[in-house]
Amino acid sequence: MFLGNLTEACRCVQVSLQKAYRTAKFVMRAKFMSVKPDPKSPSYSPKIIYTIQPIKVFKGPKELRKAQFLYSSASDDYCGYLHKGPLKGDDYVFSGSISDDRFKISMCSFAEPWDKVTSKQKEILKSATGSKEREISFSVSTVTLEHLKNVYKGIQERLLQKENITSVLSERLHAKQEMDTTKPYGFFLASFLIFMLLGDLTETCQCNRPSLRQACCEHNFVMRVLFLGVQRDPDSPPYLQMNKFSVRVIQVFKGSWRAANAQILYSPESVFDCGYIHDGPFQEDDYLISGREYQ
């Protein structure tokens, strides 16, 4: 969520390939062939369309293998991605987002010519892709509580060697160990465990509040709402407690019909998980917000 200034330009930090793999909706290698204006984009926010030829998808839905177009804002003021190559089959690896059934790339995405990708970065892609494949096969197989405990024991031993472990992370690990894999979230826990091994468990939330322009470009919805109340989501797992904010939508500036009819907004309870902490008294607080929609 944000409070921004319409005159602010896009501000973002170029992400590493490892972080892009963890946070982006897709990471792929493709050839950039051409670019053209998007004739359906509004005049106040012009878009461009890159024509691409996919080579390999490292992360993302299977539809990416046949993707032909990438969408982006035409202006860097709106975090638009401006390709530096000659658009003659330039071989790039890049990350991006997915919204409105479109694959999108922005200034904040990771984008690098394939011939400049280091051997270490290629190893990250190779190992991450392999881990993703193992995650799929693991999540549909029989998972025993004893097996999970043994794996988490190994994670704890690795964590204890680090000096900056927070008590929050330690509590999460203990909570996960007590979980019964016969419950519906048991299989999700197995795949979540594999995902954890890809990153640094000691990382906390790191993000900069976006400008309004950047939020309009990057987020799925931007709207004005009244905050009415908040309560903990009883269905959230113990290792990721969620809050449910009750809202009444006043106006949607960007978003789907679901955003226009939204009554509940979800957010992690803890700032360690990038949770939104509302400052108002919940007396129909009138706010302009942005966010992401997940089905």
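Here the Cβ of each residue, glycine as well, is placed from N, Cα and C on the backbone.
Those TrEMBL annotations? Automatic predictions, nothing curated.
Owing to the predicted nature of the structure, the values given are computational and were not obtained by experimental measurement.
DSSP classifies Cys10 (Zn(2+) binding site) as coil under the three-state reduction. For Cys10, the entry in TrEMBL reads Zn(2+) binding site.
What TrEMBL lists as disulfide bond is Cys10-Cys79 (among others). For Cys10 (Zn(2+) binding site), the count of additional Cβ atoms within 10 Å of its Cβ stands at 21 [all protein chains shown].
Under 8 Å, Cβ to Cβ, and six or more positions away along its own chain, Cys12 (disulfide bond) finds Cys79, Ser106, Met107, Cys108, Asn208, Pro210, Gln214. The disulfide bond annotation in TrEMBL covers Cys12-Cys108 (among others).
Positions annotated as domain 'NTR' by TrEMBL: 10-133 (among others).
Helix first, then strand, then coil: DSSP counts for the domain 'NTR' (205-295) stand at 14 helix, 37 strand, 40 coil. Per TrEMBL, the feature domain 'NTR' maps to 205-295 (among others).
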Looking only at DSSP and grouping its letters into three states, which state does Cys79 (disulfide bond) belong to?
coil
Let me know the model's mean pLDDT on the domain 'NTR' (10-133).
90
